[in-house]
Amino acid sequence: MSTTYNFCAGPAMLPQAVMKKAQGELLDWNGLGTSVMEISHRSKEFIALTDQAETDLRELMSIPENYHVLFMHGGGRGQFSAVVNNFLGENGKALYLVSGSWSRSAVDEAIKLTSDAQIDTLDLLVNDNGISAVSIPELAGKATDYRYLHYCPNETVDGIEIVEEINCPWPIVADMSSNIMSREIDVSKFGLIYAGAQKNIGPSGLSIVIVRDDMLKMPSLPQSSIMDYRLAVKHGSMYNTPPTFAWYLAAEVFKWLKVSGGVAAMAKTNAKKAELLYDFIDGSDFYNNTVSAQNRSLMNVIFYLENEDNNADFLAEASRAGLVALKGHRSVGGMRASIYNAMPIEGVEKLVEFMKGFADKYQA
Ligand SMILES: *Cc1c(COP(=O)(O)O)cnc(C)c1O
């Protein structure tokens, strides 16, 4: 079988070593004679797995002790409503920063669940001659007492990443679905971090929530028990049956990250991978990227062919070369190469080589 490099934005490729290990122990996990998905989530073997997963994640992200780590249902979007229902109560207010399509979706959900007066939004996107950038205004002086500020540091669809720290007097809630563990961050700067698993952690359906314990004192709205952070803490993320197979694979990804040098090593390779691709795009008049240099995502590299008539040929030839899922999101068009932690640098090298060859062949 020739190597396929999968650039899908999500569910994304998983580390090959993890997939092979899972394959090898699919029918007989841990000497139990059954697969990990056929055992009780309350068995001592499964609890050992979840304990190890939490320990590993805490180590990988240097999560302080006053934070809870939760493994929940419902992916990224599940958290759009969970955050509102857990923290806003009847009259609490929240500020939502909008920097692209996912942060916009988070606001829409928040507005749907609250009264008009509870949600304020700030649009951060500026467009200068077709180049988008994020501009963060001074927030410290704002008088409103928000329960939290919500933002999305990596906009998966738009290829926009916010690297600079947000300075504000309110707890920060961050949707890190597509850049968790791609670079080092200081968890203590956040009130809550959440991430749907299927970009940088494991299979879809699972979401990781890292929440500071004082956040759980905020008044909540009536809500479904399975999305209640307090219940999740109380029951060790097992108020109901958790997505056990996804949890197992996430645990394996954490182990893989640790033996691969942890988040610092990932960050280094991720920067190299992205540089390779952006440098090539910038040096070519066949392809272009429309995001300002300081906001270019390390995880999702969007690019356009100057002549969009070649899009279909590009995708078909790339696919034949073993480079799959490069089509951009339907809302923005063009191409997108998602190069999460699991994408080896060889995949990006092969993509650049292909793009060069394609440009040479199709250049007018
Ligand atoms: C993929 C993604 C989501 C949505 O995840 P689902 O699991 O499909 O709900 C939310 N936010 C960001 C930043 C994402 O990349």
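Using N, Cα and C of the backbone, Cβ positions are placed for all residues, glycine too.
Caution: TrEMBL annotation is automatic and unverified by curators.
Take the pyridoxal 5'-phosphate site that TrEMBL assigns to Gly76, Arg77, Trp102, Thr156, Asp175, Asn240, Thr241: the candidate from Gln52, Gln198, Gln223 listed for it is Gln198. Spanning the listed pyridoxal 5'-phosphate site, residues Gly76, Arg77, Trp102, Thr156, Asp175, Gln198, Asn240, Thr241 have a farthest Cα to Cα distance of 30 Å. Here the C-alpha separation of Thr156 (pyridoxal 5'-phosphate binding site) and Lys199 (N6-(pyridoxal phosphate)lysine) works out to 9 Å. Checked against ligand 1, the binding-site residues Gly76, Trp102, Thr156, Asn240 give Gly76, Trp102, Thr156 as the ones with a Cβ under 6 Å from it, listed in sequence order. Mean pLDDT for the domain 'Aminotransferase class V' (5-351) in this predicted model: 96.
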